[in-house]
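A single structure is presented below for examination.
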Amino acid sequence: MANSGVQLLGFALAFFGLIGLIASTTMAEWKASSYAGDNIVTAQAMYQGLWKSCVSQSTGQIQCKVYDSLLELPTEVQATRALMITAILLSCISVLVAMVGMRCTTCMAYDKQQKDKVAMGGGILFIIAGLAALVATSWYGNRIAVHFYNPLTPTNARYEFGKALFVGWGSAALTILGGAFLCCNCMGGNTGQARRYPKSAGSPGKDYV
């Protein structure tokens, strides 16, 4: 039988990962202007996210502008948008599926084995969602690093990793870990069940010649 405590732990980790994925996707600081090198103007800081870009003045004033056209965006921004939205949608579906299959709920209580399989399905969806978010954030971070170390990139046009990237990496790890707890717990849930053998139809104690 699956352990309800481990299921709750995995569900909680994956749920917090979902919240982090939503926060990371909506944050405007996926990459921040770099202050490495000489002749860098520190009077303002520039941030770019998946949906808008912002400029922060030294006086504390922040001005943001939403991207005008989707087709004009770089490929990594479009792909990261798609992967992060996919990860969030899969995580939302996983929450519903896992809630049905968890032992602490009354749904499908008449069939424990089927209930464990449903919980495992929710865990698999969580893992897929976490992998999608991990691919998105890692690819975006790789493009930042490539442009940063490119000698042809102007010094004032270089960016570094923003806070949203770190939030996305942590959230993806939580989602994958939570899904793994759900899957491993359900996979080992049926090992202790006793086997049932059919009863013999003959009457005991009687021998026929």
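Counting starts with 1 at the first residue shown.
Note: Cβ is positioned from N, Cα and C throughout, glycine not excepted.
Predicted automatically and left uncurated, TrEMBL annotations should be read as such.
Sequence annotations record features per position, and here TrEMBL assigns signal peptide to 1-28. The transmembrane segment annotation in TrEMBL covers 82-102, 123-141, 161-187.
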Cβ under 8 Å to the transmembrane segment (82-102), counting only same-chain residues 6 or more beyond its ends: which ones?
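For the transmembrane segment (82-102), the sequence-distant neighbours (Cβ-Cβ under 8 Å, at least 6 residues beyond its ends) are 4, 7-8, 11, 14-15, 17-18, 21-22, 24-25, 50, 108, 115-123, 125-126, 128-130, 132-133, 135-136, 168, 172, 175, 179, 182, 186.
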Which sequence-distant residues neighbour the signal peptide (1-28)? Criterion: at least 6 residues beyond either end, Cβ under 8 Å.
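Same-chain contacts beyond the ends: 47-54, 64, 81, 84-85, 87-88, 91-92, 94-95, 98-99, 102-104, 112, 116, 119, 123, 126, 129-130, 133, 137, 162-165, 167-168, 170-182, 185-186, 189, 192-193.
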